[in-house]
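A short write-up of the structure that comes next.
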Amino acid sequence: MAASSAAASASAEEEEEASGAGGVCVYVFGNGRVSTPPRFWLRTHSVELVACGEEHAGLLTDTGKLYMFGSHEWGQLGLGTRRHGDTETPRLGVSRPTWVRGVRHHRLTQLACGDKHSLVASDRGVVLVSGSNGERQLGLGSLTLTRTSVFLPVPNLLTTPLTISAVSAGNGTSAILSGDGAVLVWGTNGCGQLGLGSAPHAASPTAPALGGLVRALSCGHRHSAFVSEDGAVWTCGDPEGGRLGRSCDEQGSRVPGRVDVLSEPCRSVSCGGSHTAALTESGSLWLWGQGSRGQLGLGAVVTSTAVPTRAEIPSGGEVHSVGTGAEHTALITGDERLLLFGSGRCGRPGLRDSLNHFRAQPPHGAPTHARTVVCGGCYTLVLARCGGGGGGGGGGGGDGGRVVQVVANAGVDARSRRRQKEGFTLQPPLNVTLTATLLSPQLKRSRKEEDLGHGQANTARTKHQGQTLSGVFDDFIHSKRLELTHVPTPALLFLSHGDHL
């Protein structure tokens, strides 16, 4: 009786829809340990920023809240450990975005995810780091900490707080950009990727010799790039495969050098595993470096180049956003289309076959109204406006964005029902490849629009129709390493209320 009553109540809720503006959708696809978390909905927040690391990712909301998910083997999620009485159990994986309670007293504005660490910055200039410190990438100075599973402040930045306009994290490297155009870097300099010459590493924030102010930066696997105030691109690090976009000897590669071939000023840059992408002020995209998997989008003939080359975009038009992964590249055009090229191994580009793709093309089931794209090692996150439905290759159902399926309370435990009332709705992964046409942000708003979390989500178990969900969904916080998962086409991960994107 109780179950049928709950089901009837849930059914009534399904028929109600909240009026209001469209929300923000986050899609995930590819191959990795962050690929198939269940979808969830935040009613009181809007996603402002997404970031990807090698095997973990994060979301920042407009209220400065941080949600992390993926691998936690090195403590890179900042979620700490699980305590049962006097016993602490390592948390090695989180299968859905989880509120990081430890930074709740900070209003965060910047986020970056590296190979095994993460860094965030607050509106007051406090920089916090979590994860591995094996390469000094946490910037803790003389502290001999090898890793941390909770976010700690970077000591040298506490005395003179900066206004932080951007942060970046690579493979053992970290970088921040202040509001006045100054750059500080730390971590490993084994390949010269910090631009600090012959120094093997920097344990504390250090300024590279850039010779001017900077507007954008990016840390890659073994190289880094900076965009100066006048729009010039400067690179440093491992020159193999042409990823620096300039000719230089070993000594010259360890200090920032200008990429002279670019014909117009750039506004952003993205460093991948072994290639680099620069976006100009006019919206053209230039790429260079290793291209044997198609990650340059220049055709099968170009396997690598140290000469920046303009990408060919289908139907022309400008590029609005670009992301680079280990061996793939994703971009969003001015008309909000998502395009991909690069390695098809493990389904990285989200295309229906596993071949390498040497030209830009939309993935099967690509979302429309895409706004921002970021790439991890083997996966991609896309931030899009909800309500337009899937497109570009048969993404979905043609229901006009109306809600087709809303979570029923039947068979859901009491803790999960409380979380739903507090503004959180979990969508059981009955079909993890549903795209935006099957879901819309017009879900019934809760009676109490309170903040998600209060620590409950960290240990929640979710049930559907009386059966515990299998695989990585059994428990959101895992005591063992998350299994590799594969999502070949964009799957809806996250919905949030808001219309200001």
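Note that Cβ sites are derived from N, Cα and C of the backbone, with glycine treated the same way.
For 64-124, 125-180, 181-230, 231-282, 283-335, the entry in TrEMBL reads repeat 'RCC1'. Taken from TrEMBL, the feature region 'Disordered' covers 441-465. As annotated by TrEMBL, compositional bias 'Polar residues' applies to 456-465.
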(request) Tell me the residue counts in helix, strand and coil for the repeat 'RCC1' (181-230), as DSSP assigns them. (result) 0 helix, 24 strand, 26 coil
(message) Counting by DSSP secondary structure, give me helix, strand and coil numbers for the repeat 'RCC1' (283-335).
(response) 0 helix, 25 strand, 28 coil
(request) Could you tell me how many residues in the repeat 'RCC1' (64-124) are helical, how many are strand and how many are coil under DSSP? (result) 3 helix, 31 strand, 27 coil
